[in-house]
Amino acid sequence: MKWTKEQQEAIDIRDKNILVSAAAGSGKTAVLVERIKQLILKDQVPLDHMLIVTFSNAAASEMREKIVESITREIETLEDLDSTGKAKNTFLRNQLSMIHKANISTFHAFAMEIIRRYFYLIDVDPNFKICDEAQKTILQAEAMEQLFFDHFESDDQDFICFLKKYALTKNEDPVKEMILETHTFIQSIPDSFQWLREKADFLACSKETFLKSEAFAEMKRDILKALDLSKYYFTKAGEILESNGISSLIAKWNLDMEILENLRQGFDSLPFDEFAALLQQVKFQTFSVSKAEKEEYEEIKEKVTELREKGKGCLKKTAGQYLAKSLDDFVEELNGTHESACYLYHLVESFDEIYRLKKEKKGLIDFNDIEHFALRILSHEEAAAEYRDKFAYIFIDEYQDSNIVQETLISRINRHNNLFMVGDVKQSIYKFRLAEPELFISKYERFKENTSPWDTKLDLNQNFRSKGNVITAVNDIFHQIMKKDLSGLDYDEAAALYQGVSYQGELDYPVELHLVDDMQLDDSSIDEEIREMKKAEMEAFVAAQIIKKSRGIPFYDCKKNEIRSLTNKDMVILLRGAKGHGDIYFEALQKEGIPAYIDTSDGYFDTVEIEVFLNLLRVIDNKKQDIPLLSVLRSVIFGFTIEELILIRLWNQSGAYHMIFEEYANEGPEDLLRAKCRSTLETIAHWKKEAAFMSLEDFLWKLIRDTGYYEYAGAIPAGTQRQANLRALVDKAIQFQSAQMKGLFSFIHYIEAIKKRKVSMGQVKLLGENDDVVRIMTIHKSKGLEFPMVLVGGLGKKFNRDQATNRVSFHKDLGLGMRFIDEENACYKKTIMQTAIEQKKYKESMAEEIRILYVAFTRAMDKLVLLGSLHNLDESLQSYEGKENQDLISARSYLDMLIPALPLSKIPCIGHHRGDIQRKKETENENRIKVQELFLRTGDRGDFGWEATEAPSLREEIDRRLRYVYEHQSALNLKSKFTVTELNQLADQQGYRHKASIASLTVPKLGQKTVSFTQAEKGTILHKVMEKMDFSEMLMQVRESEEKVGQGEIPVAAFVDTLVLKEILSEEEAAVVDISKILGFLRSDIGRRASLAKNIEKEVSFNIVKQVSGETIIIQGTIDCYFEEQGQYVLLDYKSNDYTGFDTETEIQILKEKYLPQIELYKEALEKIRKVQVKESYLYLFGFSKAIKVEP
C-alpha cells in the first residue's frame, strides 16, 4: 500500500508522544495497524510490550484480527530462510501465539486486568462480578430507600430541612434525583468526593474569590460574545441604510454604534458593577424618517428593524442573565446555598457508602468502579512502575472520546515519549457518556506550539472514502458553521478534507437538499409532539420515493474496483434520534415495498412476544392481576376468544375479572368454557409450583417449550427476530441469577426496574452484513461506518433544549450550583453559578450538534441526500435570505445551520437555494416536493406510481371464508414438524408419515444419591459447556496455565465449576464433563480458528419450511456453532459419540455420508437466516479429537 507523507510519518516516528488528528476516511485504523506491524517486524518489539486501547470490544476484536492477518501475511513471504530469516519467523510465530495475551482492549477491560492483578492493594474481592445496568438500578434504589429510612428513623432535622427546601409536598423524588444525578456526575472525575467537597465549599466564597473563578470568566466570555453579536447586527443594519442612502437614519445609526463602542470599552476597563450599570442605562435611537425618505425606507424598514431588534435582544438577554443584580447580591445568594451544598455532599457520600456495601455483599462492582479502582491501584508506585516498565508503546484509538479519568489512568503508566494518540475531535459525539473533546483540543494546541521536544502532532486530512462533491459540500458548509468560539476549533485548512483518490467524474453525484413544506399542519390544536410525528411521516414518504428512484443508479465501487448498480444495502437513512421517528421511516419504506431494517436500542419490551411472555410470568407469580391475565388468556398460550372473555364478564359484571374467572371455572353455566377456565387455572398453578423449585433459566425454557410459544413466535412475521428476543429474555434471567438474585417475583421486579429506568435493551441484532435492506439508524450508531448513499433525515426537527432550572447543576470546570431558597419570600431563585453552568452546557451541546452533523455527512461515499421540513416553505426560505452563521448558538435545528451556509457554498441542491428564492415568483422548481399535495390527492399519484384498487365487499369475503374447504384433507395425519435428527433417522425409510410422539423423561427417585447419565445426556452437558465458553478467552487462559504450571486443564475445570455456581450445571453434571475433550478442541486447528473469529454464535435454533410428499412441513434444528471468517461463515457441528476406533478413511467417509443430509440442512438454514455464504462445514468428533470437513 502506498502511504501519504503524513501517514508514513505516523508509521515511522519513534521516541515521541504523537497526536494524530485523523479526519474522516483518512485511513487512521490502517495507519495504526501498520505502525504496530512495523514495530513488531522492524523494531522487534514484542506484542505484549504494547498497550493498545480502543473504545469498543468490536474495535478491539477487529484490531486483533488485522494484526493477526498482517503478521500471517509476513510469515507467508518468508521462504528459503537463512538463520536470520528463521529467527524472524520464530519471533513472528511467537507474536501470533501471544495474540490472546496482548493488551488490545477497551479502557475498562484494561482496568479490569489491573484490578484482577492488584486487587489486594485496595481490598477488593478477587471473585467480583460486574453488575449490569438493571442490577445497578435495583441496588441504587434499595440504597436510596435505606438512606431515607435511616435519616427519618434518626429524626435528622437537617435532613427534614433539606427536604422542605428541595422536595415537593409529599414527594421526595426530586431530592432522590438530586442525590443520584450528583453521584452519577462525579464518577467522571478522578477524585470524585474531593472535587464535590471543594466545589461545595467554594459557594461560601467572597466577592474577590468569585471574580477569580472560572465561572466568572465564563460569564465574561458570554457577555463579550453578546456585545460582539449585537455590534454585528447593528453593522448589518447600517450597511442596508448606507446602500439605500437613508441619510437621516445613518446619523442615528452612528450614535447607536458609539453606544456599542462605549460598552465595549467599558467592559474592558470598568469594574464589573460599573459596567453593569452602564449597560442598564443604554437607550438606543428611535428611528423615524422624513417624508422625502419615507418611501425608500419602507422597502427596507422590516429588515433594518429586524436586525436592530436582534442586536438589542442580545444585550437584553445577557443583562437579564448576568446583570440583573449587583455582584454583591449574586455572591450573597451563592453563599446562601453553601449549607445546602455541604449537606448534599453528606447525602451523596452516605448514599455511596450504602450502595458500596450492597455491591460488596453480592460480590459486585459496577461499570464506574472499574476505572476508579484501577486509578486507586495505580496510585501505588509498585503497580504503576510495573506497567510503566512493561509497555514500551501505548496506543489510544478514538482519543477524542477519552475522559479525564482515562487520561489520568494513562498518565500514571506512560513514559515521557511513548504515547500514540489518534482521533478526530470533529467526530467527538459522546458528551452524554462524559467524553471530553477538550482534552484533544488542548493537547493539539500544545503540541502545535512545539513546547516540548518529546511531543509532535500530525494531520491526516486526505479522505479516501468520499467522492468530490461530498467532500466539497462538507468543506464549504463546515467552514462556515464549525467555529472556535463555539466548537473549540476552526474548520480551517488543517481541518478540511482533501480528496485522496480520484474517481470517475461522471459518477460524482451532486449533493441533494430536499425541503418538505408542512403547511398542512397549521392546526394550532395539534400537540407539538404529534406535529413532529406528522412531519416525520411526510418526510419518511419523501425518503421512500428518493430511495426508490436511487435504486439501480450506477456508481463506482472502489472496494470491488467496478461500476455497479446501487442496491438497498448500499443505502442508509440516518436520524439524530430513532425513537418513534425511526419506526415511521421503517413503515414508510415497507409500504413502498422497500426492505428495511431499523437499528434501535429501544422497543424490546414493547414487542408482542416479550410483552405477552412477561404477562404470563406476572400471572404465574400472582394471578390476581386483571390486565396481565386478560393479555395471556387472549394470547395463543391459552387461546380464549374475545367472545369467550365477554361471556365470562357478562355472567357476573361486578368485581375484578380474575375473581370472576375463578368463579366461572367452578360454577360457570357453559360446560366447555367452564372446563377451559378450570384447565387454565390448573396449568397456572402447576407452573407456579415448578417455579418454586426450578432455576429461573430452566423454568423459563420449560415454559417456552410447554406453551409452544417459541415455535409460534417463529412462525409469525419476523419470526427469527422474535425467537431471538425470547432467547435474550432467558439470557437476562441468567444475568439476574449470576448476581445472586433468585425467584420469579424478584426477576419480575428486576425487569420492571429496567423498564422504569429506561435501561437500553435493544432487540437482538440479526442483520447480516450482506442482507439487502435499507438500514435506518441513528447518526451515533453510524460512526465508523460508510455507505455509498446516505440520506440524512429530520434536519428540520427542533433541538431538544430543555431550559428548566434544575435544583442542582454541575460542570467539571465551573463547579456546583444550587437553587437559592428564599424562605422569607417563599420562593426559589436561580443563582449566578447555575446560570453560568447552564449556559456553558448549552454551548457544549450546540458544539456537539455540529460535530454530530459532521459525522452524518462524512458517512457518505458517493451520494449524500439531505432531507428536512419547514413550516410555510416560501416564507421560511425568505427569512433565511441574507442570514449568516454568526449566531449559531440560537439555531433551533440543523436547517437553521445549513440553509444560511448554502448560498456561499458550492453544494448542488435540489429544492430551494438562494437562486430559487430570488426568482420563486417566476418559476416553480420542478424538483421541489410538496408533500401535502401528494397526501391529499385521491386520483393520479404523479410520478410515484400509486394505483387505486377496489377492495372486495365484506359480504363476499365472509362468504368465501365460510365456504372454504381444505384441499388436502388426507394429508392432515402428516406430522408437520420434524427435527433435523428425526429427518436423519428417516433417511432409509420409504415415507415421512408419522404420528406425533410424546417425549418421555426419566424421573429420578427421591433420595437417590448418585445420578447416572446416558451417553446422549453426557453429550447434552458437553454441548452446554461449549455454548457458555468464550473460546478466545479460554484458549488464552489455557496457554497461560501451561506456561506457568504446565497444566492446561486448570482454567477449563475452573470454568466448569463456575457453571455450577451459576446453576447452569448441577454438580453431578459437572462431574461427567471430560476436560480433556474440551482441551483437545481448543488446541485443534478448528478450535484456534473459532477463537480468532470476530463474530461467533452458538446453539442457534431455526425453523425452515420444506416440501415433503407434496406437503409443507416445518423442520426445526439447532446449529451448534458457526463463526465468521473473511466475510463468510464456517459451520461446526459437535459429535460427542465415542469414535475413537474410526481411524481409516473408509470409516471417516461413512461418517461424512451419514451426517451430510443434516449438515446440508444446517447450511441451507444458516444461509437463509444470515444471507451469507457458508464456505466450509465441519463435524468435530470429541471422541476422536478431530474435525472432519463435510462437503457433497
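For all residues, glycine too, the Cβ spot is worked out from N, Cα and C.
What you see is a predicted model, and the numbers here were worked out from it, not measured in a lab.
Some features that TrEMBL has for this protein:
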BINDING   A22, A23, A24, G25, S26, G27, K28, T29  ATP binding site
DOMAIN    1-467  domain 'UvrD-like helicase ATP-binding'
DOMAIN    479-784  domain 'UvrD-like helicase C-terminal'
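Ranking the binding-site residues G25, G27 by how many Cβ atoms sit within 10 Å of each one's Cβ puts G25 at the top. Following the DSSP three-state reduction, the secondary structure of T29 (ATP binding site) is helix.
One residue stands out among the binding-site residues S26, T29 for having the most other Cβ atoms within 10 Å of its Cβ: S26. DSSP classifies A22 (ATP binding site) as strand under the three-state reduction.
The number of other Cβ atoms within 10 Å of the Cβ belonging to A23 (ATP binding site), over all protein chains shown, comes to 25.
Sparsest Cβ environment among the binding-site residues A22, A24 (other Cβ atoms counted within 10 Å): A24. Every protein chain considered, the tally of other Cβ atoms within 10 Å of the Cβ of K28 (ATP binding site) stands at 21.
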